[in-house]
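Now, the feature entries from Swiss-Prot:
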- 8: active site, proton acceptor (ACT_SITE)
- 129: active site, proton donor (ACT_SITE)
């Protein structure tokens with residue numbers, strides 16, 4: 001199972017939000033590049049980056065920082081936040097981003113997702129953020145009446161293979177991920193699902209890893225606040241999921 005330490009960017013700094021609220025942002029790193037380097041030193045090979053300014057403004061804000069993260073860390077980076085055009089996807093991929101995560105456009109303009117998959121293949125990942133099973137968009141500010149599973153199945157039809165699933169109610173709360181909903185979504189959709197939101201203990205990762213070993217299509221997990229607060233180290237987390245890098 002693949003582990004993605006997370007860096008959320010706000011005004012060029014590494015922050016974490018509580019349940020997606022911009023007003024509840026805690027700064028954990030004035031220099032995101034240093035945060036990424038530390039992740040690399042502990043054995044990471046991947047990084048999950050969210051441009052929070054872009055998610056709320058719907059336009060790129062932190063590209064210079066993203067480029068520095070890629071160049072200085074050597075990590076495989078996936079980026080989400082405010083990506084709503086093919087041109088924007090191409091810009092990020094040219095920067096060296098491995099995968100782009102599409103959220104709002106999957107709901108608003110699904111035909112754009114289809115074009116993106118045709119053009120960029122598996123570099124396109126869908127991000128489904130849900131609360132009480134219903135999809136939220138626009139940086140989580142707006143809740144829809146669309147069920148997470150229904151959206152996942154629609155995306156599968158247009159060729160999407162990878163999905164990041166976030167239970168908003170768990171994000172940044174250190175209450176544990178919604179494993180039941182995540183596993184159910186993976187089983188019923190058949191997509192490769194990355195679990196996001198709420199990982200607080202190594203046991204959370206063990207439970208996800210056990211499901212993956214049983215054949216559930218869980219590609220990995222995103223870990224954020226637990227790393228910043230010292231709940232466990234990234235090296236410990238990597239050992240749990242059986243992903244070791246550089247002999248760590």
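Yeah, the Cβs are placed from backbone N, Cα and C, and that goes for glycine too.
What you see is a predicted model, and the numbers here were worked out from it, not measured in a lab.
A separation of roughly 15 Å, to the nearest angstrom, links the Cα atoms of residue 129 (active site, proton donor) and the residue listed as 'active site, proton acceptor'.
Neighbours of residue 8 (active site, proton acceptor), defined as other CB atoms within 10 A of its CB across all chains, total 23. When secondary structure is read from DSSP and collapsed to three states, residue 8 (active site, proton acceptor) falls in the strand class.
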